[in-house]
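Enquirer: Have a look at this one.
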């Protein structure tokens, strides 16, 4: 039975770090290419009195190089970068305190399982063997939690740095044409994607190897301790997503309502006091938040797969190569994405506006096709032909080709979800055009059509998720579901690149408007931005789909670890959990929506106050006070991110301690089932409203022109829809997928504690 894989253990030890390093090097090369765009303007005074320009500045389509424009772009970029950095630092201080407190909690809860004893214990799954004490698991889980948290924070922060570095460079490149600007924005996105994928992989790989020095042959304990890594990653992502989401949308809603609807000035007009806060928000919410979020998904999918594998034949036979199959998939994913990225930047040049969206869509298709081949190769060389997978108490026989199908079905389900999302949120297709058309009769019909679109857009993604769960579970039980989630996330570098591209081009448009650049340049950045809106929606689709699979896999691991044989919906303990769990996403959404609403209220009042009290602001002779608006957003988001965060972090603890593992399994199932639906519909409704507004503004078709120029009644109705959709698509929707995953991974980490000490209420009665 114990046949070995083609790839030796030494081969695995070499391949994984090398792929990660290649990813990091590639990211740095892209960074170097982006930084070739000059942002400085200086006159070198040479000794012989020739003050010529030695640096040839960017040649412009419209004739002379205008120095003041470059200087202005650099100033604005600086303001955005400073705002983003200071916000993230403030947030990380608060979150750091929480991290330390939670780490202590993990140590105390897990250490108390065996009463802090340092003696070896009988293993959970195989009572004949001795395993390391629970105290060791407590210490190592705490360490991996902190490592995951730090990696997540670094991922988000680096992404934000790159985005704020690239936004003005994209604007300046737009003077040479849309293709050049596209490449700068896309390259910067790739920097973030590759750094994140490679860092996540490298840190996890190093952690496993270091922990192995202590655990030796006790792989069950080793990979149980590794689950802390996923918990750390996601708990940071939760605060990043919620805090960033509240920040960006308070500014956005405030800027739009006063600027566009009341004052009739264009978006990103420098006279609007909230405009810097709005652009900062794009970076802290969409980039730093998204980065941490997808890193969290990736870490958890890997953890779920490793935990299940450690109690299957891979772990029992100590087959290291097969054990690290999830990491090998990610390694190949980095190489595949590297090749895919070259298709957009080097093999085919984007020349016209209509080529932008196809170029981004091709990224998804190419990476998926290549990755399918990559997975086939990895499955062939890294897995023995047949092996067994732990399936709720029994070992199930699985063949290597079945595992390949599990990963592939997840990968293709991701592509399908991406394309369905695109169909429902891109203004090239009828759903968004219908929503735009409904603006003729005012904001109410727009809202009705938009909500209907969002609910309808849930259907196909849910079927895709359902089919991939059925296929992967039938073949390889919970391990199959975990690797299906990894399949969906295997092209994470490309997914993040097209996702980060959106906010970067959005910022570039804002900078062009604020620096007073010509109309043609603003049109080019708008075209980049509209494509970016759709890719952002696709990215959210991926994040939600993978979250559903990841949390199901974590749920399976939790059920195995807590020694529950079956989760029976008909027992009252489980059913009450189920119905309460299904309510949690609504409670969470209510908190985040209200936070955005109240912060936006403050913002609107401040913007109105400035327009009314600063003389010469509307005429453009006086400068608005940007800093106050930035401060409003910062304070609101720091204050408001704590209650939703506490709700998600404390629920599993309270339920597990008071009601026990059965009720907790109900809560997890309930929150998964309802959370996915709300998340998909919220993201797509918001995306559709945004692009319906863009469709009317661009006026690219006969139909769009009948709906009016900017400022018409239909356009104002569209702006209101967009404003309602903002917190849906950028705060509630994307944060929900973290809620689903985080509760599951937290339950898994604390499972030993809940299994021994949980269910106090039922013990009393």
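A Cβ is built for glycine as well, from the same backbone N, Cα and C atoms used for every other residue.
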Enquirer: Between 599-619, 620-640, 641-661, I'd like to know which one TrEMBL lists as transmembrane segment.
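Expert: When 599-619, 620-640, 641-661 are checked in TrEMBL, transmembrane segment belongs to 641-661.
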Enquirer: Among the residue ranges 94-113, 214-233, 234-253, I'd like the one that TrEMBL describes as transmembrane segment.
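Expert: It is 94-113 that TrEMBL annotates as transmembrane segment.
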Enquirer: Among 271-292, 403-424, 425-446, where does TrEMBL put the label transmembrane segment?
Expert: 403-424
Enquirer: Looking at 458-486, 487-515, which stretch does TrEMBL describe as transmembrane segment?
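Expert: Going through 458-486, 487-515 one by one, TrEMBL flags 458-486 as transmembrane segment.
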Enquirer: Which one, 403-424, 641-661, 738-762, has the most C-beta pairs under 8 Å toward the transmembrane segment (133-160)?
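Expert: Stretch with maximum Cβ contacts: 738-762.
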Enquirer: Are there at least 3 C-beta pairs under 8 angstroms linking the transmembrane segment (542-564) and the transmembrane segment (570-588), leaving out pairs fewer than 6 apart in sequence?
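Expert: Not in contact, no.
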Enquirer: Please report, as numbers and ranges, the same-chain residues at least 6 past the borders of the transmembrane segment (323-344) whose CB is under 8 Å from any CB of it.
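Expert: Residues 12, 15-16, 19-20, 22-23, 26, 30, 183, 186, 190, 193-194, 197-198, 200-201, 204-205, 208, 219, 298, 301-302, 305-306, 309-310, 314-315, 350, 359-360, 362-363, 366-367, 370-371, 374-375, 377-379, 382-383, 403, 407, 482-483, 486-487, 489-494, 497.
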Enquirer: Counting a contact as 3 or more Cβ pairs under 8 Å, with residues at least 6 apart in sequence, do the transmembrane segment (542-564) and the transmembrane segment (94-113) touch?
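Expert: Contact between the transmembrane segment (94-113) and the transmembrane segment (542-564): absent, because fewer than 3 Cβ pairs are under 8 Å.
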